[in-house]
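Visitor: Dumping the structure here so I can ask a few things about it.
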Amino acid sequence: MEKSRELSFVLGDSLAEIVQMAVMNMQHPLAFTFGILGNIISFMVYLAPVPTFIRILRKKTTEDFQSLPYLVALFSSMLWLYYAMLKNDAILLVTINSFGCVIETIYIAIYIAYATRESRVSTIKLLVSMNMGLFSLILLLTHFLASGSTRVKALGWLCVAFSVCVFAAPLNIVKQIIRTKSVEFMPFTLSFFLTLSAVIWFAYGLLIKDLCVALPNILGFVLGLLQMLLYGIYRNAEKKKMPAENLKSIVIRSTLGASEVYPVDAQPDVSTAEHDQTEESKENEKSTDASHDDLQSNECAV
């Protein structure tokens, strides 16, 4: 009976803290508005890989997709969730990163279920070492070696450093686009919403006076603009042929409070594929006609 009362007191205190944080956010209506918008857009970004996993469930294989982007996204969400829970006015960061932890865990579970034995083993090893081991080490170090505002600042700058490292992933897209002169594997709509997400979370970070949230999204905004600029340059450019498997693991980046990367399923443009088939058939017809002419000339010579 006493334990149940203690538990109710604890739950009551936690609920009171959540309500208090919500009230503090309501005292800054503009920051609250940007935070809600950021949650909505980030929610949609987190759901971006759903078609990929529907394909995995239907085919019962992970094909050439890699698990690293989802493990990194989960680790990032865990870091930002821990940081948000240490702060007193970051309830909107708590909500979106809680959802991120749940959805990324589901993605990883599906991947492990349908991956090959080698991929499954490597995924589990990385999950244990990074998402469990490294995160536990960070939690212990920040808990015992720092306290109060120092702990929050240390963890915040650690999140910033990790976000900057994750934001380097889009450079793979830039290299691939320039080499292939093709943007068919970089959805413009997704790049636009990711850039918009960076702007919103940057504004939210400034309004709540949290540089750890604002700073990473500056880089995210710049990389988003670069992707859209490349889309404008190479949208109608002559494309170079590249094997589809080389393009299946192209990585895009998200610019929410917690950074993440996702592989994009390679779905070649139908018109491009038909154009390639037409050109190939023309070449085959030319070679057939040339062989026929050679045969006729040989017969004449005989």
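Backbone N, Cα and C define each Cβ position, glycine as well.
Checked TrEMBL, it gives:
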TRANSMEM  30-48  transmembrane segment
TRANSMEM  68-85  transmembrane segment
TRANSMEM  91-114  transmembrane segment
TRANSMEM  126-148  transmembrane segment
TRANSMEM  154-173  transmembrane segment
TRANSMEM  185-207  transmembrane segment
TRANSMEM  213-234  transmembrane segment
REGION    263-302  region 'Disordered'
COMPBIAS  272-295  compositional bias 'Basic and acidic residues'
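Show me how these features fit into the structure around them.
Guide: Tertiary neighbourhood of the transmembrane segment (91-114): same-chain residues 18, 21-22, 25, 32, 35-36, 38-39, 42-43, 46-47, 49, 53, 56-57, 60-62, 65, 67, 70-71, 73-74, 76-78, 80-81, 83-85, 120, 123-124, 127, 204, 213, 256-258, 260, selected by CB-CB distance under 8 Å and a gap of 6+ residues from either end.
Nonlocal intrachain contacts for the transmembrane segment (126-148), taken as residues 6+ away from its ends with a CB within less than 8 angstroms of a stretch CB, comprise 67-68, 71, 74-75, 78-79, 82, 108, 154-155, 158.
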